[in-house]
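Chemist: Features from Swiss-Prot:
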- Ser335: active site, nucleophile (ACT_SITE)
- His175, His284, Glu521, Tyr560: Zn(2+) binding site (BINDING)
- 50-76: compositional bias 'Low complexity' (COMPBIAS)
- Thr51: O-linked glycosylation site (CARBOHYD)
- Thr56: O-linked glycosylation site (CARBOHYD)
- Thr57: O-linked glycosylation site (CARBOHYD)
- Thr58: O-linked glycosylation site (CARBOHYD)
- Ser60: O-linked glycosylation site (CARBOHYD)
- Ser61: O-linked glycosylation site (CARBOHYD)
- Thr63: O-linked glycosylation site (CARBOHYD)
- Thr64: O-linked glycosylation site (CARBOHYD)
- Thr66: O-linked glycosylation site (CARBOHYD)
- Thr68: O-linked glycosylation site (CARBOHYD)
- Asn198: N-linked glycosylation site (CARBOHYD)
- Asn412: N-linked glycosylation site (CARBOHYD)
- 33-761: topological domain 'Lumenal' (TOPO_DOM)
- 12-32: transmembrane segment (TRANSMEM)
Amino acid sequence: MAKRTFSSLEAFLIFLLVMMTAITVALLTLLFVTSGTIENHKDSGNHWVSTTQGPTTTQSSPTTQTPTTQTPDLPPSQNFSGYYIGVGRADCTGQVSDINLMGYGKNGQNAQGLLTRLFSRAFILADPDGSNRMAFVSVELCMISQRLRLEVLKRLQSKYGSLYRRDNVILSATHTHSGPAGFFQYTLYILASEGFSNRTFQYIVSGIVKSIDIAHTNLKPGKVLINKGNVANVQINRSPSSYLQNPPSERARYSSDTDKEMVVLKLVDLNGEDLGLISWFAVHPVSMNNSNHLVNSDNMGYAAYLFEQEKNRGYLPGQGPFVAGFASSNLGDVSPNILGPHCVNTGESCDNDKSTCPSGGPSMCMASGPGQDMFESTHIIGRVIYQKAKELHASASQEVTGPVLTAHQWVNMTDVSVQLNATHTVKTCKAALGYSFAAGTIDGVSGLNITQGTTEGNLFWDTLRDQLLGKPSEEIIECQKPKPILIHTGELTKPHPWQPDIVDIQIVTLGSLAIAAIPGEFTTMSGRRLREAVKKEFALYGMKDMTVVIAGLSNVYTHYITTYEEYQAQRYEAASTIYGPHTLSAYIQLFRALAKAIATDTVANMSSGPEPPFFKNLIGSLIPNIADRAPIGKQFGDVLQPAKPEYRVGEVVEVVFVGANPKNSAENQTHQTFLTVEKYEDSVANWQIMHNDASWETRFYWHKGVLGLSNATIHWHIPDTALPGVYRIRYFGHNRKQELLKPAVILAFEGISSPFEIVTT
């Protein structure tokens, strides 16, 4: 074997990794020595700094939906064939500074402002007689953590008793890679988040619960209509060589290596008035790449924004009665970067199997979207998705009728025996991540010289792992083959387990529609196999012609799920299939059992399974809270760079203010926006809000200085729809004030730009 030499860059990266790992292990060891307790999900999770809510600014804006904590009875049963329908939407943005963005796993990709707010969108559907109901919640996050779900269910139980439960509530993430991290309890994700943020966790939980509260309050009789159609020109398979590992006979049944079908539910009241929309479609929200530092909802969020703005005329983004949820599906190997991978340094094509370049290696092989930049690519992909949903929504005519039925189990996914046939039984494995996990994907490469498709370990990395984390057992090595194990997460338990063992599996049916809530990212072919198996199981026991949709990234996150054949190639998705080569077969067996129980009315006979843990004393953020300071002679909100006197459509207004850390505002759930764009209306002699920070036309940048100093820069990209007139920009923030020997307080402030004019010539 030839002696391996390292470049100066690789040597530096290795040194950096060793130092970071040593520091991490030391911190974990310290925490484990001092704490490390486990509680069940009845724990509140509030073990950190109490939030101090300061006064908030009063803004003129359209009335927002207000939830109630009461549990009103449904109206007396009426003679209608539909469902009681309730929709609700609430802000769940969390921190937009001093926190990592979740998804790419790129060190240093921390939040530095806001492009759009993140929303939780809840849809409640109840039988006409009130006998059963379900709540489907699409949340603009990278994934749902087990801790989030347990805390949401706890709060719902305290408000509504047994009305909303683990079996009839689905929390599904859209999978934006531009949302905040910090809301996890398993060690691997805490390390990726650079600590647990109770501030963000509480904000997200409250937003999810509030969206359900609003939907619950708004329940009214209505109908559900379903439609399906294909979406073109928004997807590619980012691991086509893995897809080709699947049997030719199976691939021949499909016209594409991605699922192009969108399923849309149109929700209307008994008068036919629109209430909301749910769509499921498989594409990664990674049009915004890993150079981005602005919190946003990416392409699926832009589709939801366009739909809601069209239906909620006269309302600001995030407000209005109509709610549009663009939910994820089996997107595991599906990219929106449709121009495909190429070597960014030479323009050549990448090696298809390894996603690497002749010059520069894997870090040079990247895929790009259809736009001139990531913002334009997001708009292009999101608009196409919106337009197809709009078309399907307008033409939907097939009504969904039938009872609401639910089934749920907790399963130890590290110990599932799978009956492949009459003579062969296999098992899942303790969790582990393979080498190609560290390679990243063509949507977001890593900086390490590790390629996708790696099927053999490396002596250096194996030795480093063994010294820092201990050696993986022979059992896990054999079980995970042909995956070369980089991190044996299932055998690491200090200070808490590194990845989950206990996983939620869940099916909810609405008449002839079945929603399979999957706890991760199924690849295209994995999703097809699961849908087909569940549909056949329903048909076998009398529920024929079911439409099965996959709700991706639901309830708990367990990385990827490839087919057995794709697993052999060990590209990124396979290396991230943590429970081993038979993970998909295990899920198919488990979901078939749920389908059978629903179809045979035997759900009550099923075991609930082992309850997941709820950990206390998690590693907090390593970024301290420090007092904000304004420059000498200035106050928070003062203008440092004014707007120009005059602008035209298509230009960008830029105003710079004396700022404060925007994470302070995440401690105040009533904080609605960091900015407004306002137009002076002569007819009422007052300023009217035209845009807020949920608008895609605005951008809020936070520039961190030293010793508590910072600036806030607000951009308004003037749209074609802007009318001539006089405008201004307002900035809303909160500063942390710390006096000696006194607790910190959070104080609200605002800044106002000088007026400027939009002209036509």
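Backbone N, Cα and C atoms are what each Cβ position is placed from, and that goes for glycine too.
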Chemist: Can you check which residues sit near Tyr560 (Zn(2+) binding site), meaning Cβ under 8 Å from its Cβ, same chain, 6 or more apart in sequence, and list them in order?
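Modeler: In sequence order, Gly332, Gly520, Glu521, Phe522, Thr523, Tyr572, Glu573, Ala574, Ser576, Thr577, Ile578 meet the Cβ cut-off.
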Chemist: Which of Asn198, Ser335, Asn412 (the recorded positions) has the most other Cβ atoms within 10 Å?
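Modeler: When each Cβ's neighbours within 10 Å are tallied, Ser335 tops the list.
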Chemist: Give me the Cα-Cα distance between His175 (Zn(2+) binding site) and Ser335 (active site, nucleophile), rounded to a whole Å.
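Modeler: Rounded to a whole number, the Cα-Cα distance is 12 Å.
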Chemist: Which of the recorded positions Asn198, Ser335, Asn412 has its Cα closest in space to the Cα of His284 (Zn(2+) binding site)?
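Modeler: Closest candidate to His284 (Zn(2+) binding site), judged by Cα separation, is Ser335.
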Chemist: Report, as a single number, how many Cβ atoms besides its own are within 10 Å of the Cβ of His284 (Zn(2+) binding site).
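Modeler: That number is 26.
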Chemist: Excluding His175, His284, Glu521, Tyr560, please set out which residues of the same chain place their CB within 8 Å of the center of the CB atoms of the Zn(2+) site, keeping sequence order.
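Modeler: Once His175, His284, Glu521, Tyr560 are set aside, the remaining close residues are Ser328, Leu331, Gly332, Val334, Gly520, Gly552, Leu553.
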Chemist: How many other Cβ atoms are found within 10 Å of the Cβ atom of Glu521 (Zn(2+) binding site), counting all protein chains shown?
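Modeler: Summing over all protein chains shown, Glu521 (Zn(2+) binding site) has 29 other Cβ atoms within 10 Å.
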Chemist: Between Asn198 (N-linked glycosylation site) and Asn412 (N-linked glycosylation site), what C-alpha distance do you get in Å?
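Modeler: Asn198 (N-linked glycosylation site) and Asn412 (N-linked glycosylation site) have their Cα atoms 27 Å apart.
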Chemist: Quick one: pull the CA-CA distance for Ser335 (active site, nucleophile) versus Asn412 (N-linked glycosylation site), whole Å only.
Modeler: 30
Chemist: Is His175 (Zn(2+) binding site) helix, strand or coil when read with DSSP?
Modeler: coil
Chemist: Per DSSP, His284 (Zn(2+) binding site) is which: helix, strand or coil?
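Modeler: It is coil.
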